[in-house]
Amino acid sequence: MSWLSKLMPSGIRTENTPAKKRSVPEGLWEKCSNCGSALYGPELEENLEVCPKCDHHMAIRARARLAALFDVDSPPTEIAAQLGPVDVLKFKDQKKYGERIKASQKSSGEYDALIAMRGMLKGNPLVAAAFDFAFMGGSMGSVVGERFARAAEVALEVGCPFVCFSASGGARMQEGLFSLMQMAKTSAALGRLREAGLPYISVLTHPTTGGVSASFAMLGDINIAEPHALIGFAGPRVIEQTVRETLPEGFQRSEFLLDHGAIDQICDRRDMRDRIAELTTMMMRQPHPQDADAA
């Protein structure tokens, strides 16, 4: 205590006296990973995790994405929600696969990386699936493949379009060949949809790589990407190390892919619901739907 503090009355706080720290609720403020702006959490969530300052598309959870797609007045039903991963191979790297599963389930709150639902989009039936990158990097294992296949089967039974939002690092190495088999399994499921004349729209988000990009993610009747999403089989650093050349600026980003004919269009996440509704009604030759939000 300084001599000045001794002379000051006890009721008076000096400038150097530490004030009580105010606890800020977790998630109240977030920082944009692109422009660095401080963003108010609830407003960012309402804006579908898109920065209002620079329009940068940040990561969004699968359930939030699907909730923004389906009609509010007709709650969707989840498909194959009870399925969970099994460590058939008893795989172990630095950590046991079984332990990784439990850790991911605890941190993400999901059983696996793909959520599939059946619901309504502006009054018309729709089946949609979305990857949750928070679960082991959105990697594709047996459960992801099975949920995708079952979602396609539901779309086939109902006779409605199928939409999938991809965000994945690729096949899950801890499941070995069981994971790689899902590439053929999901592609075959889409083949049955195509034979029935039902549309499949693939939405590629950041990032869509590996076995997912090499299978159902690029098999859409229409392939849509979110702005500046990384899309490709191997990442740019791996390619540069392999070919020993500097890649073009923006290589493997959605804008580059659109310019080179690899995808059909780019759509802002906030406009995605309307865009998908327009495309599905056109492809199904349905009358233009009434906007359920405006009703």
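Glycine residues also receive a Cβ, built from the backbone N, Cα and C atoms like all the rest.
Here's what Swiss-Prot has on this protein:
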type: REGION; residues: 1-20; note: region 'Disordered'
type: DOMAIN; residues: 28-295; note: domain 'CoA carboxyltransferase N-terminal'
type: BINDING; residues: CYS32, CYS35, CYS51, CYS54; note: Zn(2+) binding site
type: ZN_FING; residues: 32-54; note: zinc finger
Under an 8 Å Cβ to Cβ limit, what residues of the same chain, 6 or more beyond the ends of the zinc finger (32-54), are close to it? 60, 64-65, 68, 268-270
If you count Cβ atoms within 10 Å of the Cβ of CYS32 (Zn(2+) binding site), leaving out that atom itself, what do you get? 18
PLDDT averaged over every residue in the zinc finger (32-54): 96
Would you mind listing, in sequence order, the residues at least six apart from CYS35 (Zn(2+) binding site) in the same chain with a Cβ closer than 8 Å to its Cβ? CYS51, LYS53, CYS54, HIS56
What's the most sparsely packed of the binding-site residues CYS51, CYS54, counting other C-beta atoms within 10 A? CYS54
So how many of the residues in the zinc finger (32-54) end up helix, strand or coil by DSSP? 6 helix, 4 strand, 13 coil
Inside 8 A of the center formed by the CB atoms of CYS32, CYS35, CYS51, CYS54, which other residues of the chain have their CB, for the recorded Zn(2+) site? SER33, ASN34, GLY36, SER37, LEU39, PRO52, LYS53, ASP55, HIS56
